[in-house]
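To keep things clear, I will list the structure first and then write my remarks on it.
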Amino acid sequence: MLKENLQELHQQTTPFYVYDMNLLRQTLQTAKKEADKYDYHVHYAFKANVNAPILSEVLKNGFGADCVSGNEIKAAIENGFSPEDVVFAGVGKSDAEINFALDQNIFCFNCESSHELEILNELAEKKNKTARIALRINPNVNANTHKYITTGLEENKFGINSWEIDNVLELLQTLKHIELIGIHFHIGSQITDLTVFKNLCTRVNEFQEWFTSHNIKLQHLNVGGGLGVDYYHPEENAIPDFAAYFGLFNQFLELRPGQQVHFELGRSLVAQSGTLISKVLYIKKGITTNFAILDAGMTELIRPALYQSYHKIENLTSDKAAVKYDVVGPICESSDCFGKAVELPETNRGDLVALRTAGAYGEVMASNYNLREKAKALYI
Ligand SMILES: Cc1ncc(COP(=O)(O)O)c(C=O)c1O
Ligand SMILES: N[C@@H](CCCC[NH3+])C(=O)O
């Protein structure tokens, strides 16, 4: 898609994001088709990308919204999502955010601590409302991913640990403005080893047994998101294997009659459709490799600096013999590096460079450090 549209790419001010809307549509349609096979409900994790044209495609394909802030709920509603399809997660919901979500009558709050439940109950009581909640349980399942994006281990701040659930249930009986409708799990992001999700199913089944033995009926199980994408082969594996992913839950999750299963996918739906395009400013001699200095940096795409994560780098405008470069940005930080000893066709000032698989957690994590301007987005 990128090379076919070089002329249009050349006309833009760099750096900028470009989105392949055909790929986005195909990805969303595939996910929806595979989820529908089992009547699964998917809420799109807004945190991955909140650009209006992207949200519009997500909405058209019948996904709900998984939000982690009042502003994300606002964005969901402004972009046409129905409040009944909005879930609100997060360990630190502010009173103002909770009040806003209560006013909107959202579908469900995913609650992460006893203290949060008490405050939610108080705020709901003031409005004479009842808040529907799912308890986010920390299942202590290792997601085999980067430690900064692992969320389901007991040492993580997320969810209610298993040994606290007894107390939480006792508390819930006293909270008259809260209705427990489900349980929620999310063990981490960029998970490529599907056996991890099988382990999650085993834990969810155990928790279900426990709730059943306490005569508690749960209308839904929310198993979160986390399905990873192939950062190394964005062309060959442009669409994640949703069939295997949903099929695995269908095989291993034990449901009670009438129970719904909810998912919160972010990255797998949008990552491959986005690319950060940058121009080469300078080539500079290094000790072992040369530096290719781009006009995009960690302010546009922070993932490599933050998690040492890999994004495939391509020179779109050179087909000369390969040379190795440390590909870096202009920001005053040594971590502002997209890749070391990256093999690229011989690169010169003015070449266009693509940083692939940047549609998720790219633009949304941008900053204006060094007073950088926000990169624009182009939709092709
Ligand atoms: C609670 C919750 N749900 C859903 C997601 C979306 O995850 P992913 O983009 O990996 O699908 C996240 C992010 O990791 C999350 O924290
Ligand atoms: N921001 C992370 C993912 C975190 C997902 C939210 N819990 C990334 O870029 O990979």
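Glycine residues also receive a Cβ, built from the backbone N, Cα and C atoms like all the rest.
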Kindly point out which candidate in Y245, Y282, Y361 is recorded by TrEMBL as part of the substrate site with R267, R303, Y307, E333.
Y361
Residue in G159, G182, G188, G226 which TrEMBL records at the pyridoxal 5'-phosphate site where E264, L265, G266, R267, Y361 also bind:
G226
Rounded Cα-Cα span from Y361 (pyridoxal 5'-phosphate binding site) to Y307 (substrate binding site), Å:
12
Could you list, ordered by sequence, which of these binding-site residues: E264, R267, R303, E333, Y361, have a Cβ under 6 Å from ligand 2?
R303, Y361
Across the whole of the domain 'Orn/DAP/Arg decarboxylase 2 N-terminal' (25-271), what does the mean pLDDT come to? Round it, please.
95
To the nearest whole angstrom, what is the C-alpha distance linking E333 (substrate binding site) and G226 (pyridoxal 5'-phosphate binding site)?
30
